[in-house]
Amino acid sequence: MIMPRYTGRFAPTPSGPLHFGSLVTALASWLDARAVNGHWQLRIEDTDTPRSSRRAVDTILRQLEAFGLYHDGAVCHQSERHDAYQQALDRLHEQGVAYPCSCTRRELQGYRRYPGWCRTGPCHPERELAWRLRTDTGPSVISWQDRRLGTQRWPLAEQGDVILRRRDGIWAYQLAVVIDDAAQQITDIVRGSDLLDNTPWQRYLQLALGLPAPRYLHLPLIVTASGQKLSKQNLAPALPFEGAAPRRLLHQALAALGQRPADELARAPVARQLAWAVAHWSAENIGSAAHYPTPGPIDDCSHDSR
């Protein structure tokens, strides 16, 4: 049996520029692909158009270029993929796996997961309707093998009926990511462990739609000194991409991934660091820690001289 060529991807949301945590994820997925002569694709996850901006997309592209993380093929924009998502939702509805829901956030306050009120029909059909994934009739347990975390077994019904399309018509992450991973023939997903609990829904959607299941590698999170995940919501500093900043930050990202680059490599050009990293890449060296601290003040790196 001929195995498909490794195809990985990086899929940022253009609600702002990349930060150091984004770099670690992008670098890990890029190295995992390049180390086996695989493809690495870029997807802009801009379904939430009110929160997305063209300026952020341009900045993300410049940041990736400055760190030498070039992608293969055309950039995929989720904002252009409405028809594919709608076709998938129609199929799920026909199978009884997706249903319309009229419940509001206020009505659901105090519930840890959705109680299923609209499973047999929307309680208020006159309202704008969201669409949910029905989990109570699916497999009792969703299981897969994570390349870092080992065997994963998640009771599906305990995950709750996740939103597939919002009341305002915006496509939710869970459906869009599954459809696009299949369309781009993604074989391997390398991403942060904050998305681990999203995987059961995505595996269920893959099963329901007859789509291939990629391999998963969930990375430790990069956190602040206070233990908060680096994120745009927490105002993580933007990744500088001028001067000597990419050299130092790339070296720090390699260290965060457990690759143990030599100290003198921090002064080497980005291309040389990446060549070393591809030749020495080992996902096993990432380790089992749940998170890693941010390596010092990111902002200061942009003032280094060449």
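Backbone N, Cα and C define each Cβ position, glycine as well.
Taken from TrEMBL, the feature L-glutamate binding site covers Arg9, Phe10, Ala11, Pro12, Thr13, Glu45, Tyr173, Arg191. Ala11 (L-glutamate binding site) carries neither a helix nor a strand DSSP state and counts as coil.
Residues annotated as Zn(2+) binding site in TrEMBL: Cys101, Cys103, Tyr114, Cys118. Shown in sequence order, Tyr114, Trp117, Cys118, Pro122, Leu129, Ala130, Trp131, Arg132, Asp161, Ile163 are the residues of the chain, 6+ apart in sequence, with a C-beta less than 8 angstroms from the C-beta of Cys101 (Zn(2+) binding site). Reduced to three states, the DSSP call for Cys101 (Zn(2+) binding site) is strand.
Among the features that TrEMBL reports, domain 'Glutamyl/glutaminyl-tRNA synthetase class Ib catalytic' is placed at 9-236.
Positions annotated as motif ''HIGH' region' by TrEMBL: 12-22.
According to TrEMBL, the motif ''KMSKS' region' annotation covers 229-233.
Other C-beta atoms found within 10 angstroms of the C-beta of Tyr114 (Zn(2+) binding site) number 19, with every protein chain shown included. When Cβ-Cβ distances below 8 Å are used as the criterion, the motif ''HIGH' region' (12-22) is approached by residues 44-46, 48, 51-54, 56-57, 59-60, 63-64, 192, 221-222, 229-232, 236-239, 249, 252-253, 294-295, 298 of the same chain, each at least six residues removed from its ends. You'll find the Cα of Pro12 (L-glutamate binding site) roughly 29 Å from the Cα of Cys103 (Zn(2+) binding site). Pairwise Cα distances among Arg9, Phe10, Ala11, Pro12, Thr13, Glu45, Tyr173, Arg191, which the record gives as the binders of L-glutamate, peak at 15 Å. The Cβ of Glu45 (L-glutamate binding site) has 20 other Cβ atoms within 10 Å, all protein chains considered. Taking the mean position of the Cβ atoms of Cys101, Cys103, Tyr114, Cys118 as the Zn(2+) site, the remaining residues of that chain whose Cβ falls within 8 Å of it are Ser102, Leu108, Pro115, Gly116, Trp117, Arg119, Pro122, Cys123, Ala130, Arg132, Asp161.
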